[in-house]
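Structure record follows, encoded as structure tokens.
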Amino acid sequence: MSAPVARPEAARRPSGPSAASRVVGVVGELLITLGVLLGLFVVWQLWWTDVEAGQTQQQLSATLDETLPPSPDTVAPAGTGEAPVALEPLTGTTFARLWVPRWDDGDTPFARTITEGVDRATVLDPLGIGHYPGTAMPGQVGNFALAGHRQSHGKPFYAVDKLEPGDALVVETADAWYVYRVTTSEIVPPTDVDVIAPNPSDPGADPTVATITLTTCHPLFSTRERYVVHGELESWVPRDAGRPAELAGEG
Amino acid sequence: MYAAIWRVLPGPRWLKATQALLLVLAVVAVLFLWVFPAIAPHLPIDQQTVE
């Protein structure tokens, strides 16, 4: 830009800009401030929440390990008979861990804690994956339904669209390792609560098998729909015996 | 508004700039640590449950 040229009226009034141009100046600054705030919010949402969630997840995971009985780091055969079913814990209790070999990042296994409740402010945002209260517990006949962020806040379900039928979803609790297999995926409107019904394939009927359901938002950068993945319990391994073969060699 | 803040800050130009930078960092910290976490759950974005 060239050097500023003093305008005649400004030269006549050395007291400064007129009241009108001051108002315009302040409004302009407020608009710029608003733009910067919105930009900062996006940075916070897409970057900072992941940083915080990563730290929280490490602490949560360490705390959960202290409460879980030891499990030998060897592959054990599946248990026989009915899978053990724990009582549903109090809201806010971190009681399990979800392992998804499909989502492993190189040598780093995907393992995130599961906490009771799906309230955003107290569970899904700070603590990660949440268990819909009132739905089945791991191994129980019924629907073990989970919700998680697909973006921001650690984005546990980021790669939900990469899951294929047959992929293992392993749930670790104080009692056992439960191996579920992905059966179907679907995209539904947010009001479709039938996907977490006890029997998601026939919402009106009583459940006959133990299923797992993951819900998260869809598409990316939107909340218009929900991405839903269903799975069915295949086997379980008692915790004191070892691990399921699906997790052989994982952290 | 921002010009007024600049005038109020004491000291030579380098000191004013340092204080302005600290003010900006303080505002960003307050936003990131308290304001955004408080309002985000109430915004109709980023929902993942069926209800």
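Note that the numbers count up from 1, one per residue, in the order the chain is shown.
Even glycines carry a Cβ here, placed using N, Cα and C.
Keep in mind that TrEMBL annotations are predicted by a computer and have not been checked by a curator.
Because the structure is a prediction, the values reported are computed rather than measured.
Every protein chain shown contributes to the tally, and the Cβ of A:HIS149 (active site, proton donor/acceptor) ends up with 25 other Cβ atoms within 10 Å. Residues or ranges marked as active site, proton donor/acceptor in TrEMBL: A:HIS149.
Counting every protein chain shown, 25 other Cβ atoms lie within 10 Å of the Cβ of A:CYS217 (active site, acyl-thioester intermediate). Among the features that TrEMBL reports, active site, acyl-thioester intermediate is placed at A:CYS217.
If you look up TrEMBL, you'll see A:63-83 marked as region 'Disordered'. Under DSSP, the residues of the region 'Disordered' (A:63-83) split into helix, strand and coil as follows: 5 helix, 1 strand, 15 coil.
Under the heading transmembrane segment, TrEMBL lists A:23-48.
Taking the C-alpha positions, the distance from A:HIS149 (active site, proton donor/acceptor) to A:CYS217 (active site, acyl-thioester intermediate) comes to 7 Å. According to DSSP, A:HIS149 (active site, proton donor/acceptor) is assigned to coil rather than to any helix or strand.
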